[in-house]
Amino acid sequence: MRKSVIAGNWKMHMTCADTKKYLEEFLPLIEEIPNDRKIVIAPPFTAISTFSNYTNFDYLNIASQNIHWEDKGAFTAEISPNMLIEHKVKYAIVGHSEPRKYFSESDEQINKRAVFAQSSGLTPIVCVGETLEQRERGEADRVITRQVEQGLENTDPSNLIVAYEPIWAIGTGKTCEASDANKICALIRSLIGFSDVIIQYGGSVKPNNIDEIMSMSDIDGVLVGGSSLDPISFSRIANFE
């Protein structure tokens with residue numbers, strides 16, 4: 001049976017002091033979550049060490065917001081798996097729509113990050129998703145197929161999370177209909193060819209829509225942005241019914 005993975009991506013938010021305060025409020029709220037799910041948070045790199053000092057790893061794990069495909073070298077602004085594992089990081093987000101957009105990350109680069117994350121002992125959370133223009137032109141399935149086939153080449157599906165994040169729904173307040181998201185997640189599962197691969201939905205996930213999203217047959221979790229910054233909101237999402 002697939003475990004649900006509820007992940008929060010803090011993006012460029014939260015200082016070390018903010019992180020300490022957040023966790024002091026958040027951890028008691030998730031102490032009794034069911035054992036059919038995992039909770040993951042991706043803080044900014046500067047807060048990872050603070051985060052690791054205040055986290056109970058029985059029910060909450062750390063993710064990085066990106067990862068490089070080399071252990072070390074002249075790669076300014078990048079971070080390696082070894083640097084992260086030292087601070088108890090277990091997951092790594094790769095291919096998020098923001099690096100794709102702002103830094104022109106290609107499917108090939110995303111694939112290199114994902115493959116190296118796995119070989120280093122981390123579980124990659126690989127993001128895929130279409131723009132509004134692509135969706136309106138009826139190209140969503142084609143775009144997702146390309147991103148999955150190229151971005152996940154040579155990865156191990158048993159140590160993989162794929163996050164479907166329609167770009168037009170990220171931070172906009174617009175949510176993809178749960179049934180539509182479920183169809184795309186089913187497509188992703190069929191493309192990977194491994195029924196137990198964990199597939200998340202991301203895009204304006206909030207306390208008032210989490211229960212419907214998580215009721216879908218092919219959605220195994222969520223990748224949450226803004227709502228993960230509030231410990232009350234994120235605890236409600238983590239404790240979905």
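Just so you know, glycine gets a Cβ as well, placed from its N, Cα and C.
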Record-annotated substrate site (Swiss-Prot): member among S49, S190, S195, S204 besides N9, W10, K11, G171, G225, G226: S204
Within 10 A of the CB of E165 (active site, proton acceptor), the number of other CB atoms across every chain shown is 26
Could you tell me the C-alpha distance between E165 (active site, proton acceptor) and K11 (substrate binding site) in angstrom, no decimals? 15
Three-state secondary structure, which DSSP defines for K11 (substrate binding site): coil
From the Cα of H96 (active site, electrophile) across to the Cα of G171 (substrate binding site), what is the distance in angstrom? 13
